[in-house]
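*Asks:* Take a look at this one; I'll ask things after.
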Amino acid sequence: MAPNIRKSHPLLKMVNNSLIDLPTPSNISTWWNFGSLLGICLTMQILTGLLLATHYTADTTLAFSSVAHTCRDVQYGWLIRNLHANGASFFFICIYLHIGRGFYYGSYLYKETWNTGVILLLTLMATAFVGYVLPWGQMSFWGATVITNLFSAIPYIGQTLVEWAWGGFSVDNPTLTRFFALHFLLPFAIAGLTLIHLTFLHESGSNNPLGIVSNCDKIPFHPYFSLKDILGLTLLLLPLTTLALFSPNLLGDPENFTPANPLVTPPHIKPEWYFLFAYAILRSIPNKLGGVLALAASVLILFLCPLLHKSKQRTMAFRPLSQLLFWTLTANLLILTWVGSQPVEHPFIIIGQLASLTYFFTLLILFPIAGALENKLLNY
């Protein structure tokens, strides 16, 4: 009998073992769709980004007008740009839901997979930040100025580091050029890290909603989950195309329709919606270095999840106390996102400070206590 090329060819064999014959737990829910959706988001962002890069000029005098030219004069340039800008928002929606699912179902106990995932999140955040600077509008320029300036809070080397990042004494042409280079490079780094992430995942196999070993009941990925993922894809593309075609600027800042002007500061400098929770935590601390440390901690705290797991059960499916805390944390993040979009005045300052405190308190103290308490209640 002739060998099946899918199983014998050195390259196809790898694809087969990852996407076709991959043994998958039979009970994984729709929450497990977001991994493949993130892969599709990345592919789409790289393709649309590549097409945009062919028409973009990384120069302070030309960047703004080159983006306008893309939207006005290039065939479907407006569509490519709208898909790219809003695709970033959907990328973050998917990654936040993906992390939330991992947190709820205890997927962080696969430490290598979880840690590479957190590194992926950090790389994605860096990519989105440098990308937001490229259109060289007012919010692009001032966002770049404010966020890069945070590095000056680092003792002793801070100021040198900032000027090195800027390539001068302020955000100017060298900054834009290097940000474009980074924005082009980082998505490919994300693609490479994704392969590492998947390699670690396929070492252990997927987790499942019950959090139990599922070796006794696994089914092939294709056709069951490939079809399920296509359904997820259509449900992602529908709101994305709706947003890109009907209201492409809904999530953007009107300030970015004004070309960058170093002499005029916008009344409210704020990042895109997906960074607002971290921005609110940064602003809630009056000290500059303290704010920067809290900002870094708000994301780096994810690395501690495996260490803070005290429950004998893996998932939160049968842990009502932890469930309550999980949804409190979700509401807390939504409050932080809202506060981050508001001006720095009463009552938003105190709300932001309380929400920031609750965020860290819940993750670092309440979750481990709840896990230990649930063990005790179940006589473990």
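Using N, Cα and C of the backbone, Cβ positions are placed for all residues, glycine too.
So Swiss-Prot says this about it:
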type: TRANSMEM; residues: 34-54; note: transmembrane segment
type: TRANSMEM; residues: 78-99; note: transmembrane segment
type: BINDING; residues: H84, H183; note: heme b b562 binding site
type: BINDING; residues: H98, H197; note: heme b b566 binding site
type: TRANSMEM; residues: 114-134; note: transmembrane segment
type: TRANSMEM; residues: 179-199; note: transmembrane segment
type: BINDING; residues: H202; note: ubiquinone binding site
type: TRANSMEM; residues: 227-247; note: transmembrane segment
type: TRANSMEM; residues: 289-309; note: transmembrane segment
type: TRANSMEM; residues: 321-341; note: transmembrane segment
type: TRANSMEM; residues: 348-368; note: transmembrane segment
*Asks:* Counting only pairs 6 or more apart in sequence, are there at least 3 Cβ pairs under 8 Å between the transmembrane segment (114-134) and the transmembrane segment (348-368)?
*Replies:* no
*Asks:* Which sequence-distant residues neighbour the transmembrane segment (34-54)? Criterion: at least 6 residues beyond either end, Cβ under 8 Å.
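*Replies:* Here the qualifying positions are 70, 77, 80-81, 83-84, 87-88, 90-91, 94-95, 97-98, 101, 183-184, 187-188, 190-191, 194, 229, 232-233, 236.
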*Asks:* Show which residues of the chain containing H84 (heme b b562 binding site), separated from it by at least 6 in sequence, have their CB under 8 Å from its CB.
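*Replies:* Sequence-distant Cβ neighbours: Q45, T48, G49, L52.
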*Asks:* Cα distance, H183 (heme b b562 binding site) to H197 (heme b b566 binding site), nearest Å?
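*Replies:* A Cα-Cα distance of 21 Å.
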*Asks:* Under a criterion of Cβ-Cβ distance under 8 Å and sequence separation of at least 6, what residues of the same chain contact the residue listed as 'ubiquinone binding site'?
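*Replies:* The list for the residue listed as 'ubiquinone binding site' reads N17, S18, L22, given in order along the sequence.
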*Asks:* Are there residues at least 6 beyond the ends of the transmembrane segment (348-368) whose Cβ is under 8 Å from a Cβ of it, and what are they?
*Replies:* 280-281, 283-285, 294, 297-298, 301, 304, 308-310, 322, 325, 328-329, 332-333, 335-336, 339-340, 342
*Asks:* Can you check which residues sit near H98 (heme b b566 binding site), meaning Cβ under 8 Å from its Cβ, same chain, 6 or more apart in sequence, and list them in order?
*Replies:* F34, G35, L38, G117
*Asks:* Under a three-state reading of DSSP, tell me whether H183 (heme b b562 binding site) is helix, strand or coil.
*Replies:* helix
*Asks:* Short question: which residues 6 or more past the ends of the transmembrane segment (78-99) have a Cβ under 8 Å from it?
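*Replies:* Hits for the transmembrane segment (78-99): 31, 34-35, 37-38, 41-42, 44-45, 48-49, 51-52, 67, 70-72, 117, 120-121, 124, 128, 131, 236, 239-241, 243-245, 248, 251-252, 272-274, 302.
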